[in-house]
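Now, the feature entries from TrEMBL:
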TRANSMEM  61-80  transmembrane segment
TRANSMEM  86-107  transmembrane segment
TRANSMEM  153-174  transmembrane segment
TRANSMEM  180-199  transmembrane segment
């Protein structure tokens, strides 16, 4: 096709900064040009990575729910058997730590999923139109609920349940040993604080990634000898 007959795709003013950083292009995009091929391939990649993030999201959720099933059964056994009730708070602490991690994992998964959705929103206008933004509904009540937000709420509920289990199990053994009581209280405070600190630190590490020292790279020298 003649260069003069190819379609010229104008970049919207609100997207100029994005494409200047993304493909180093602020002006019009010529159909079938390198820049046009870049955004077409980028859109396909963004869809693939978004689907990959969703797949990972449910795999992580399945892993945590499997663990919660096991530890809940173990806690119930210890809590209902008099000889082992002193161990129930320890399992409640473990459950609370995993519940906190589960909440952060859900928040992180939602962020990365939305990250690729925002990229799709930016690029698709110039390739397929506003296909991804389009959805139909009969009225406001039939609008789609957010599955990830529901899961985040559920993870926060699980946190509350495990702390309630800790309080209940501590109440059951309170008169047995003051040393044990104090030890469990210190342990849950320490484990909660450490978990929150570490999870928040991972957020800070990602947000400050641009400020970190540069990465080094090298290519290996091929050493092939003809036989």
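For all residues, glycine too, the Cβ spot is worked out from N, Cα and C.
Counting Cβ pairs under 8 Å to the transmembrane segment (180-199), the stretch among 61-80, 86-107, 153-174 with the most such contacts is 86-107. Remote same-chain partners of the transmembrane segment (153-174), defined as residues 6 or more beyond its termini with a Cβ less than 8 Å from a stretch Cβ, comprise 68, 75, 79, 85-86, 88-89, 92-93, 95-96, 99-100, 102-103, 106, 180-181, 184-185, 188. Under 8 Å from some Cβ of the transmembrane segment (61-80) lie the Cβ atoms of residues 87-88, 91-92, 94-95, 98-99, 101-102, 105-106, 151, 158, 165, 168-169, 172, all in the same chain and six or more residues away from its ends.
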